[in-house]
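Taken from TrEMBL, the feature domain 'Peptidase S54 rhomboid' applies to 37-169. Annotation source TrEMBL lists transmembrane segment at 46-66, 99-117, 129-146, 152-170, 197-219.
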């Protein structure tokens, strides 16, 4: 749980002090990233929270999701989700500041889903696990349509780490793991299935292309809404109870 303890302490310290001075502590702000040479905000914003409720919700998610993944894949692999989500957020949210800590947690959900899919053949009760995980992801993403929630960070973190899971979380087949106990001359199962390598290649191509296009658009000063007229509904859906504004 080493990474979990470290992340928790840093998040606690940053969150309470940033409640009053989010922008000065590194919250994501489009004009400062693009025109102020402050690209570091793409990283610092993922350590900040908008308040105590935001903090507690993320901490609970970190505990329940992060522990399982760290036990299976280690500290270094689980540090990856904390580096995603803010690029997509900055492309679509340009008139206000944003804190993207939740994007990293949605990245953990993306990792869990791709890990289940790429290691499909070694699991039991996999259909139940897939349905349960999908329901959890849909519910959490649906909550992002409420006003003042940066759902673009959630979606960006989820998609990025969903693809990374196919690259980082491949597990060997049971037959390959137990090859040392096989009699001489016995046929040894290959370490990975062909579909795992296929997923890996496709995910790598999409990751490189996505980040390249996203960063080029960001630093050219483009607005994501100019290329996707309906995308604003992904972050806020107006109702009779609230409005989304601009």
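Each residue's number is its place along the chain shown, starting with 1.
Cβ from N, Cα, C; glycine included.
Most Cβ pairs under 8 Å to the transmembrane segment (152-170), among the stretches 99-117, 129-146, 197-219, belong to 99-117. Against the transmembrane segment (99-117), the recorded stretches 46-66, 129-146, 197-219 differ in Cβ pairs under 8 Å, and the greatest number is found for 46-66. Using a Cβ-Cβ cut-off under 8 Å and counting only residues 6 or more beyond its ends in the same chain, the transmembrane segment (197-219) has close neighbours at 33-34, 39, 87-88, 90-91, 114, 117-118, 159-160, 163-167, 170, 227. Taking DSSP states H, G and I as helix and E and B as strand, the domain 'Peptidase S54 rhomboid' (37-169) has 101 helix, 1 strand, 31 coil.
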